[in-house]
Amino acid sequence: MEASPNDRLHFGKMGFGCKHYKRRCQIRAPCCNEVFDCRHCHNESTSTLRNIYDRHDLVRQDVKQVICSVCDTEQPAAQVCSNCGVNMGEYFCSICIFYDDDTEKQQFHCDDCGICRVGGRENFFHCKKCGSCYAVGLRNNHRCVENSMRHHCPICYEYLFDSLKDTNVMKCGHTMHVECYNEMIKRDKFCCPICSRSVIDMSKTWQRLDEEIEATAMPSDYRDKKVWILCNDCNDTTEVHFHIIGQKCGHCRSYNTRAIAPPVLPQ
């Protein structure tokens, strides 16, 4: 008994692919005319070439030809194989030339980002100033930084915009990978590597520093010494009494401060 057209479409689902995606086709990279399982496989391969001038990334939209993994037929990019009739990807984006059999990821294409995302369209919104899709919980609930996602992670330096790893938006609006953020916190680093703002609530730490300073008298030579500081949390500049333990911002009460030269007053 012959398989129905619908059964044929789903033949081999989740049975092919690479470590990045389950799909029933390979792509021919137009930049080097080589065949790879996916764009990431291409980029990983070319990034290790001996000659640095040969290293390059594949532009996803440039892919024109794919090879069906079921029947090995090379053909123009499309969802259904022109020869054997299988879906080469249960999810297919004709803009990104993106195939994926694992639809539990809830893939969707964002026109503003220009690429496909995962997690379900209803769970995300596109922030035009930050230049990327964010979880709906961040709508009107994050500090906008222009094109904040179109940068490299400040810890591992992987480009964030199209990274496969989860990304964290910090209180300051800057972004980094979730795993890099967690590792940073684990190592007792609580400031953004880019702007130095505190990334978590530090009020209890500031309270402990208040108590330490109150219990630690400075030598008489330093009791009246004052310094100018810049607060990394509120960007205010103030003149405060110097203390070896730390200088407290007179505006927001943070100890995340640094000494600066006195301001030059206009003549």
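Placed from the backbone N, Cα and C atoms, the Cβ positions cover glycine too.
Lifted from Swiss-Prot, the feature list:
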type	residues	note
ZN_FING	11-86	zinc finger
BINDING	Cys18, His20, Cys38, Cys41	Zn(2+) 1 binding site
BINDING	Cys31, Cys32, His42, His56	Zn(2+) 2 binding site
BINDING	Cys68, Cys71, Cys81, Cys84	Zn(2+) 3 binding site
ZN_FING	88-152	zinc finger
BINDING	Cys93, Cys96, His109, Cys116	Zn(2+) 4 binding site
BINDING	Cys110, Cys113, His126, Cys133	Zn(2+) 5 binding site
BINDING	Cys127, Cys130, His142, Cys144	Zn(2+) 6 binding site
ZN_FING	153-196	zinc finger
MOD_RES	Ser163	phosphoserine
MOD_RES	Ser198	phosphoserine
Distance [Cα-Cα, Å, rounded] between Cys68 (Zn(2+) 3 binding site) and Cys38 (Zn(2+) 1 binding site): 13
Around the Cβ of His126 (Zn(2+) 5 binding site), the count of other Cβ atoms that are within 10 Å: 14
Residues close to Zn(2+) 4 site centre defined by Cys93, Cys96, His109, Cys116, Cβ within 8 Å: Ile95, Phe98, Gln107, Phe108, Ile115
Predicted model, mean pLDDT over the zinc finger (11-86): 95
Cβ-Cβ distance under 8 Å to Cys84 (Zn(2+) 3 binding site), same chain, at least six residues away: Arg8, Cys68, Val70, Cys71, Thr73
Pairwise Cα distance for Cys41 (Zn(2+) 1 binding site)/His56 (Zn(2+) 2 binding site) [Å, integer]: 12
For Cys38 (Zn(2+) 1 binding site), the one of Cys81, Cys93, His109, Cys130 that lies nearest, given that the binding-site residues are compared by Cα: Cys93
Spatial neighbours of Cys93 (Zn(2+) 4 binding site) that are distant in sequence (at least 6 apart) but have CB under 8 A: Gln107, His109, Cys116
Residues of the parent chain within Cβ reach of the zinc finger (153-196), under 8 Å, 6 or more residues beyond its termini: 20, 40, 113, 115, 130-132, 134, 138, 142-145, 202, 232, 256, 258
His142 (Zn(2+) 6 binding site), number of other Cβ atoms within 10 Å: 19
